[in-house]
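**Student:** Okay, handing you the structure first.
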Amino acid sequence: MPKKAALDELKWKEVKLPDHLDDFDGFMGLEEIEGVDIKYQPKGAMKEVIYELPEVHEKKDKKPEKRKKDQKEASEKKKKGKRTSPTIEMTSLGSKVTSKNYNEFSTLEEEDEHNSHGVDVSAWAHFSLSPEMLGSLSKAGFSKPMPIQSLVIPEASIGFDIIGKADTGSGKTLAFGIPILEHCLRNVDAKYVQALVVAPTRELAHQICQHFELIKPSPNIRVMSITGGLAVQKQQRLLNKHPHVVVATPGRLWSVINENNLTGNFKKIKCLVLDEADRLLQKSHFEELSKLLEILGNPMHTQRQTFIFSATFDEGLQQRLKKNMKGNITEKYNSPMENMLKEVRFFGKPKFLDANPQSAVASRVLEGLIECAPAEKDLYLYYLIMRYPGKTMVFANGIEDIKRITPFLNELKVPSYPLHAQLDQKKRLQSLEKFKNNPKGVLVCTDVAARGIDIPSVTHVIHYHVPHTADMYVHRSGRTARANEDGVSILMCGPKELSQLKRLCYRLKKKIETFINFPVDMSILDILKTRVVLAHKIVNLTRKDGRVGREEAWLKSMAQELGVESSDDEDPDLPKKSESSKNKKQIAHLRSELAPLLHEKIRTGFSGRYLTSGLVNMAEKLANEEVHDNIIGMDSISALEVLQKRKK
């Protein structure tokens, strides 16, 4: 008789995805199963799906010859002395070896190998971390704690609830990750979820998972993510295997646990983390977050510890939090953040920890200002990219600006990639992947890229427009100077944006004078003008031609649906078509003018005939290999060095 089985009980096999594909449009995995019959059984007015496994017959005993051959192969393997791995039982103080086949010298070999690849972690010693955690930090290359980690870990180890203000890229994931993983190490045999981390985006959730996997002190600690991109059924199965840490987005987590009554899995959690809390307060997340907080219940029953992190907090709220929330939060303060803090229900009075109290922007970010007319912003942008090449993120306020700036830079042979809300997931991932892999790439984006995306080694952030809010300026600038690196944030401001800049400075508690006026070489700007004018003409004609093409395609599709013959097919000499062909000829002509200019190196400060004459001794620079990549006659200096010199 075939055996009935639930969908979650079937033995699913993971399908290995091809390596040659660049991305999977946000698709995270695929599983398959064989030998299962699907039948439909009437159940009232509906039909119930039944999964049946075929009857399993016992296999006949192997032939004597085959059995002897297998025994011979097994004995040969035994003679070779293949070492078996020891079984390790984790305890709160360290590792206890329980295997009979354990070789004590193998530990020394592993230790030597570990030390040869790890870094010195003596700077972490005063945190009283377990040897396993110190070993993981050493192997991962974290030689010393960052400021937010130094503030959070001691307080979290005692058991305090934490409200942390930390810049993006400041190391806050490890600040809450280390205490959580230490707790999981002490309770590695627990059969329920120990910690829940809630993040606003799928990308951020997977980054947090990667960090946890990187530093987890024991392979027995299981970390799983619940986000879009994986089948709900698979996530439910994984959740039933009792992972220690769950990292999730609010919407998907709510749908997974609510549909199959898995809310009980989270009622005993010991740690709750709300990362990038300001973004979790958006309408798209807040409803599900409120429901999740209601399910978690009263922390007094489970002694649950709570961590809330954000890069920005309202000034008045900060003052009240610094007073340990004296008198609690009342109805007269009704900001979204405070309403959420009321819903969270802390175990005790939370500690407010600010890693950068002096400034909202990370201390390693140097901020520059370029004042220019709106019509000249493209010219100044091209100048910055040519003069200071490096991985650059350009933030604009509108999607139409992204659609114009990206092809403009591409016409100038600058590798540029768009990122905005109207792009589908596949194209977003393609742009991000190309940008990450190009050390001189430019990501032209709206504020969707300001949070939740960890892109290493971003050298410059350029604000093409003054951002609408101070919070967004902080998040944009936080894309650079991540993980103890230095970075540059340059704000381009037009005359009409001056009042907006003043409001921004007021919110950030700084004067406009604190922005360093970024120097611009006007002689190079004049040389680049011709290129920029030609590129503008090409882009304008291309976009105009594209609009005409889209209109024609729409009219044709409408005519086909109505069963009417298209008038375009009858008359090939329509004005639109002749205009389109004229535009194409103009574009080809303009590109032929631009090509030799782009091929030619920019020269400044010296004579082409006499290398030692003029303001720059070019012969000496060539001999000393002090030549700029794009501009002959200029020193190869970074934008960071320029701002550092002007700051002194």
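Glycine too: its Cβ is placed from the backbone N, Cα and C atoms.
Pulled the feature table from Swiss-Prot, pasting it below:
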type	residues	note
BINDING	ALA166, ASP167, THR168, GLY169, SER170, GLY171, LYS172, THR173	ATP binding site
COMPBIAS	52-76	compositional bias 'Basic and acidic residues'
COMPBIAS	573-582	compositional bias 'Basic and acidic residues'
DOMAIN	153-331	domain 'Helicase ATP-binding'
DOMAIN	378-523	domain 'Helicase C-terminal'
MOD_RES	SER85	phosphoserine
MOD_RES	SER566	phosphoserine
MOD_RES	SER567	phosphoserine
REGION	52-89	region 'Disordered'
REGION	561-586	region 'Disordered'
MOTIF	122-150	motif 'Q motif'
MOTIF	275-278	motif 'DEAD box'
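I'd like these features described in context: how deep, what's nearby, how far apart.
**Tutor:** In the three-state DSSP scheme, SER170 (ATP binding site) falls into the coil class. If you draw a 10 Å sphere around the CB of SER170 (ATP binding site), it holds 27 other CB atoms from the protein chains shown.
Sequence-distant neighbours of the motif 'DEAD box' (275-278) (same chain, 6+ residues past either end, Cβ-Cβ under 8 Å): 172-173, 176, 197-200, 204, 208, 308-312, 337, 340, 451-452, 471.
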**Student:** So how many other Cβ atoms are close to ASP167 (ATP binding site), meaning within 10 Å of its Cβ?
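**Tutor:** Here the count is 26.
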**Student:** Do you know the DSSP helix, strand and coil residue counts for the motif 'Q motif' (122-150)?
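**Tutor:** Its residues divide into 20 helix, 0 strand, 9 coil.
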**Student:** Would you mind checking how many other C-beta atoms are within 10 angstroms of the C-beta on THR173 (ATP binding site)?
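**Tutor:** Result for THR173 (ATP binding site): 26 other Cβ atoms within 10 Å.
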**Student:** Would you count the other C-beta atoms found within 10 angstroms of the C-beta of GLY171 (ATP binding site) for me?
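**Tutor:** So the number of other Cβ atoms within 10 Å of GLY171 (ATP binding site) is 22.
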**Student:** Write out, in the order they occur in the sequence, the residues of the chain not among ALA166, ASP167, THR168, GLY169, SER170, GLY171, LYS172, THR173 that have a C-beta within 8 Å of the mean position of the C-beta atoms of the recorded ATP site.
**Tutor:** MET146, ILE148, ALA175, ALA311, ALA355, GLY478, ARG482
**Student:** Output, ordered by sequence, the same-chain residues six or more apart from GLY169 (ATP binding site) with a CB under 8 Å from its CB, or 'none'.
**Tutor:** ALA362, ASP454, GLY478, ARG479, ALA481, ARG482, ALA483
